[in-house]
Each structure stands twice: as C-alpha cells, then as structure tokens.
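Trainee: Please find one structure pasted underneath; my questions will follow.
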C-alpha cells in the first residue's frame, strides 16, 4: 500500500461573507432606496405610530389648536381734547374652556401722552412707558380685564393710535397631543356601542359581496372579450371607463341617476310599471347598503376583468382544440380547463380586492355619507374624527382597521407566495 | 332534461329570454332618446320572443315573417314593447322596428349552428353561450354607458327641462352655443379654469417626483443583491395596502400644525408618497423581466451602475415608464380624500375638490354634472389615446383602487 503525500494547498472554495464587491453593491442599493425609505417612513410609518399614540388620547378636534391667551386692547372714555380722562383697557382670556395655561404675562408699550392716575392691579408694574403684568397660572376659561385710568395730553392726540403697539402675551399650555396622559376611553367607546357590531357587519357585507361580485362580473366580461373581433379594442376600452373616471364624478352621476325625486331611473321604473312609488335607493336602510355594494361592483369589475383577460389570453389554445376533438362541450371546457388555470389569478385578485374593498372610503362617503346603514369602518373613522369631532375615537377605529389589515396580509402573503413565488 | 335538447324547445326558450332582454333594452334606449313612454310588456315579450325563436329555428324566411308580424303587432299595441299613445309615428316605427329586427337577428344568429331537430349537448350549449354573449354585450355596454351618458346629457340641460321630464335626454340643438352655458358659468363664476390648471400641475409634478424616487428604488430591489431584499419587496406591497383614511388623520394634524394645510405645496408633498409604492412595485416587476446580460455587458465595458441605468435600463423600459406615468397621473388626477381634507381655499382647489364644493342644494345639478364632465374628459381622452400602455400598466402589478 503506497501512500502519496500530497502537498497541502488551499482548497478552492467560495469566499465566506460578503466580499468588497458585494458590499459595494449593497451600499449602492441602500443608497438608491434611501430617498424612498425616508419618504415612506415620514408619511406612512410615522403617521401609523401617530395614530396608535392618538388613539390612546382624549383628543377632540378643537384641541388641535393648543390653548393660548388672546388679548384685545382699546381706549375707553372717548377723550376729545387734551386733559380728558380715558381708560386703557386690556381684555385677556384663555382660548380654551378647560385647558390651563401657566405663567401668563403681558407686556406692552403705553401710548404717548398719557399719565396714569389710578392704581394698577396686583402683578402689574409700569417702568417708564413699559407696562408689564404677571398673571400667574390660569385655569381653563379664565378671563381677566385690566383697566388703567389715565389722563391724556396733546401728545396723545398727535401720536399714533394706541393700538398700534400690539401687546405681547406669553403663557405655556400643555399640548394634549404631546403630553403623557393616556386613556382607554376611545377604545371603550367604540367597542362598547352596539353600533360597532353593526358597522362591522356592514363592512363585511360590503367587502365580501363587493369583492365576489366584481370578480364574477369581471370573469363574465373577460369571457366575452376573450376572442378577437372587430371593435374588441373599443369595447375593452369602454369597459374600463368606470375604473378610470374620477370617483367623485361617477358617484355623483349615480346619485343623480337614482335620485328619488327627479332621477331618471325612478322615472323609468315607474313608466315601466315596475314600481308605483319612487324608490329612495340611497336613503333606505337595507337598500342603501345593497346599492353601494352594487356601485363598488360596477366600479371595480373592470380591474378584475383586465387581469382575468390577461391570464386567459396566455392560456394555450391547443388544449381547447384537443378538448374539442375529445368531444368536451363548451361548459365542460370552461369548468375543467379554463377555471383551474384561472384559479391562481382569481385567488390573488380575491384577496387583493378584499383588502382594498375593506379599505374603501371615498365611494360610500360620496354616495351616502355613511347614512342609511352604510357606515363601514373606514367611514366610521371620518364620522368619529370629523363629524363628531372626536379625533381620539377616530384614531381608535383606524387602529382597528390597521389590525384587520395586518391579519389579512399575513394570509395574503401565504397565498401569494404559493401562487407567484413572491 | 333530455327534452330541452331539441331545437324547437331550445329555440323558443332562448327566444323568450332574448325577446325580453331586447324589449327592455329598446324601451330604455327609446325612452332616453325621445323622453316618450316606451315600456316592455313582460308577458307579451316572452310570447313574441318564443315565437320568433321558433321561427328562427324553422327558416330565415319564416323568421322575416315573424319579425314583420312583431312590428305590426307593436304598432297596433300588442307587440313585445308597448308605446304610449302620445308617441309620434316616427319614434313608434323606429322603436318597434328596432325591437323586431334585433330580436330576430339575434335569434337567427343564436340558433345559426343548431339543426332543426334534436340537438347534441354541444350544440345546445353553443346556443346558450351565444345567447349569453349577446346578453353580456348589451348588459355591460348599458351599465357602463348609461351613467356617463346621463352625466353628459344632464350637463347640457336646463333646470326646468330636467324637472319636467327626467327621462328626456334629447338635445335641443336649436339653442346653439347656449347648450354649453353650464360649462361657461363654471369657468366664469366658479373658477374651474384654475382648478383644471391646479389639477394638471399637481398631477404632472406628482408623476415626476414619483418617478424620481421610484426608478432607483425599483432598480435596487429588482437587480442589486443586498440583505433583506425579499423582505423589502414584500413590504412595498404591504405599504401599498395601508388605507389612506388611516393615514389621513395624522397627516391632517401634522399639516395643520405645520401650516401646510391649504397649500398646493402640501398637496404636492403628500401625493407622490401615496403613489411611490405603486410605481415601485410596477417598475420592479418590469426591471426583473429585462435581460440582465445587456446590463452586465455594459458593466464589463466599464460603465458605472448609474450610467448603466441611465444608458441601458431606462431606454429599454420606456414603455413601462409610460404606463407607470399614466397610472400615477390617473391616481393623482382622481384623488379626492386628501384634497377634500386639506384644501379650503377655492384658489387652490383641484378639480375633484372643486366638484365637491358644487355639491350643495343651492347649485343646480347640471353644474355638478358639467364639473364632473370637465374632470372626466381629460383623463378619458388621455386614457383612450394611450390605452395600450394603460392596460399593460394596470396589469403589470397594480391592483390598487
């Protein structure tokens, strides 16, 4: 047995870790992504954090403007000639009815040609012609009236208007948005009301039927246009109209069309004898929800149609020829050949559209404003925050929406990664 | 079930359904065109349709006879569609003529491939599919066109005419330019010219800023290797799903405190951020599809990465850039929520915000519709002109709505 000693030499192996080239590439990549990352962080991540923060705060719309001292200055007593007495009056108040302001001070320059005759209230001093007052801490809704009795002389009438020198007021108020008082009231409030479960049910109805409806209609439209004929391009363009037009334009067109008093559809239905009385499509309790769902289907079937059509046109036609030879009927071909091929895009579309319909706000807001039993979660955000001026409660609803969304997207990525290997 | 596979059973059944579809369609069309009373008769339209169906199965000559009979019956008042007594002779002739012609033509082509006697399942299903196809074209075209048609026609009418007969969408051409008075008033009194300019300006800036951010980002995600690339590609999609209404509240607060509310600058700041994720997602899909060999050749020849992007990748992806631009333009043009919340001053309104301001009981609704037409026409024209890019762009990765 012979053994040949081989000189030890380094074995050729891929380098461990990132080489300088890979590092440079990664650096470049992050550099190119940096602007986008910054923008997204600023406008998506930051607001998301903010919405969590606000949802735990008792904030009303009016609190957005922090309390401040407002001051008005005027001259009373109508001095007409030198020697007349007059009163310089400052009226100060806390602009907020309930938030306190600490360390309120006022500083102003007295007008020319006045001599103080009366006493000053406590906390005020005059040095030369500079007036300074320290009012200490104020509760919400506090008002102070400061009156200074004076005698005027000629210089008063020659000089500028006394109100030309604006008084400077200072004072510190704690901003409700930035302080550290928290509350669960907002959540208690939105979960407590039986309304919440109604809102949830309306959202689910709208989302599920809107999504399925748009998919089925899209599939039907795609089947119609999945053959080449003259005018196919025109029809394809036409069928995309509802999606491309501004939502506000088509929503108002629908509202006018279905108006109970002078809408064309009602006139048509009455003329055809379908109904005796005009129907208030967007104003009656169950019907309004059905109508906004129909609108959703109408507006978004083009999108499903486009995606399904694109997938259909990539299916091999030879398969259908073979099936034809084997005697498969058209419905069998659809059921056993087309549908399995379309299942992937249909499920991805279903999930995406589901999420997007869940998130939809504009459509319902414009059609009914959330009235007549059409208030979905998203409309509820607006309703709570702006109609009821309770920003905190609106934020709490928004947090609920965001949590639902996270849940959906976990599910979504599972399906999508199976379908598209994303 | 077997009994249905016979031409003289299938024909009349499909004929009855088809007759009803056509009766409804023609009455709606005639009502909208003339404002006169046309209505389908449910029972009669089924009966006449069945008859025409049977005739179409028999032969073309008999079908023509059936059509003439239906026309005569219609004018005499017992056809598939009924017309009111006040309807003039010409609309009557056109209406009932269209009714019988479309019913017969449709049935002849639905039953074209079916033999007279027993049908195979294949032939039966073919006939059903032809019926469904015809129905589908009518249905989809009607539901898409009617709202837009009503939008345009309402904008051309006067308040009294609208209240007098909400069905009458005929245009009185004798008024000449007066037809467009709603538009004239919008441009003169409501400042729609300014809104149009604002919308255009904001949308164009949004497109440029979006591309500026999205192109390098998309390229990095699609081509360059770095840690967290896959996670990044996913989080783009995730961000793209966050609803605007959730973000709108903090943005409203931030803009209020920063004094950016009620300024075009603020809008231009916020719009691109809503479109960057979409654009990034669409573009990275396209960049992935480009052959990387060309770029590698460029790298070997001594170009830097950035030069490669500028000289090779971008020229190759012009079609994708066009569709992304169009799509972003559409989003910015149609955006409503942010404009509604952030803009208060009429001199800064975008078109969508301007239309929202017309929605009050004091402003006649033809103005509202005229405003809607003004907002819709430019985006439609752009879209129809560049439809190829648009459809491609939409399918390239955007399911946003």
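Cβ coordinates come from backbone N, Cα and C, glycine included.
Pulled from TrEMBL, these are the listed features:
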- B:196-386: domain 'ABC transmembrane type-1' (DOMAIN)
- B:12-32: transmembrane segment (TRANSMEM)
- B:38-57: transmembrane segment (TRANSMEM)
- B:64-82: transmembrane segment (TRANSMEM)
- B:94-115: transmembrane segment (TRANSMEM)
- B:127-150: transmembrane segment (TRANSMEM)
- B:195-215: transmembrane segment (TRANSMEM)
- B:236-258: transmembrane segment (TRANSMEM)
- B:264-287: transmembrane segment (TRANSMEM)
- B:308-333: transmembrane segment (TRANSMEM)
- B:368-386: transmembrane segment (TRANSMEM)
Trainee: Below 8 angstroms Cβ to Cβ, which residues of this chain, lying six or more residues outside the transmembrane segment (B:264-287), approach it?
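Mentor: For the transmembrane segment (B:264-287), the far contacts come to 198, 201-202, 205-206, 209-211, 213-215, 217-219, 221-223, 233, 236-237, 239-240, 244, 251, 255, 313, 317, 320-321, 323-324, 327-328, 331-332, 335, 338-339, 342-343, 348, 350, 393, 396-398, 400.
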Trainee: For the transmembrane segment (B:308-333), give me same-chain residues lying six or more residues beyond its boundaries with a C-beta closer than 8 angstroms to one of its C-beta atoms, as numbers and ranges.
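Mentor: Counting only partners 6 or more residues beyond its ends, the transmembrane segment (B:308-333) has Cβ contacts under 8 Å with 199, 202-204, 206-207, 210-211, 214-216, 219, 271, 274-275, 278-279, 282-283, 286-287, 290, 294-295, 298-299, 351, 375, 378-379, 382-383, 386, 389-390, 392-394, 396, 398, 400.
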Trainee: Within this structure, do the transmembrane segment (B:94-115) and the transmembrane segment (B:127-150) have 3 or more Cβ pairs under 8 angstroms, counting pairs 6 or more apart in sequence?
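Mentor: These two segments touch.
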Trainee: Quick one: do the transmembrane segment (B:38-57) and the transmembrane segment (B:368-386) reach 3+ CB pairs under 8 Å, ignoring pairs fewer than 6 apart in sequence?
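Mentor: They do not touch: fewer than three Cβ pairs between the two stretches lie under 8 Å.
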Trainee: Who are the long-range neighbours of the transmembrane segment (B:64-82) in its own chain, taking Cβ under 8 Å and residues 6 or more past its ends?
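Mentor: Same-chain contacts beyond the ends: 19-20, 22-23, 26-27, 38-41, 44-45, 47-49, 51-52, 55-56, 92-93, 95-97, 99-101, 103-104.
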